[in-house]
């Protein structure tokens, strides 16, 4: 009994829901189709029915399934249709001419703002046509085609410019009539030609000034180089002269130092002397006459005679060479010391030797040299 009662209670409690499900099946299909169409773009899965609570009208109080089903699709097309209308009314379509030129954009904005939302497209079309006309008119007025002059026209204009850079009005009218040009074209051409001439003259002046500056700089550099060269040559000449003087004084000092000890030493030093150097030394020492000159000559003559008379080779060798060396070293140095205390004085003094003494001296020297060579 209890089982049957519970079964009946459950059947009674579940019976209204089944009936409502059966009665609400057609609207559920409508809503299912509309929802599946919307969600098909998002998910490509199989068709899934909506939740059970949304399909039951009893769970949604104050709404009938038919009214709800019939009322839901109505606002959706209204919303979809009404959404572009305010967008079109608030934002009129933008054309490329509106972006490029400001004047056309300003003329197009007042009718668009004054027009209603429903008739927004009409004024836009009208303003577009008007703006195109305005743009064409403004473009034609502001942009002028460049005048293409012929060769004859340019030649005549250049000739006139060569004689007159500024034209008076009668002459300008005459040239325009001759060349089939307007007065304005002739005027503009002369203005442009004057500017060109001015630029050319300025460029030439700048080039000339630059060339002069470069030439001045080059000349200054050349002068500086010449001055440096002259200074360098002067320094070299001065240094060369100083070196010559120092070398000359050094030679004099060395000669005086070598001859001074030889003159003071009493012992005779025997060393071989070449004939040429002995002649030069004897000539230098016999520049000044002194009382010792005859003694030197007599001793040299006696020694030479003794050497010539002796036939033995030893006598020829020893006495003659020793006597000649004694004459060349001791007697001549004593003579130079007696005549002048220093060597430069004796070197710079004039020659006072007589012709007879010079011939005698050269003859004796040649005989001694010949004997020495024969031996």
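Residue 1 is the first one shown; counting continues down the chain.
Every residue gets a Cβ built from N, Cα and C, even glycine.
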(message) Please identify the range among 142-201, 202-261, 262-321 that Swiss-Prot labels DNA-binding region.
(response) 142-201
(message) If you look at how Swiss-Prot annotates this chain, which of 94-99, 100-105, 106-111 comes out as motif 'Antp-type hexapeptide'?
(response) 94-99
(message) DSSP-wise, what's the residue breakdown of the DNA-binding region (142-201) into helix, strand and coil?
(response) 44 helix, 0 strand, 16 coil
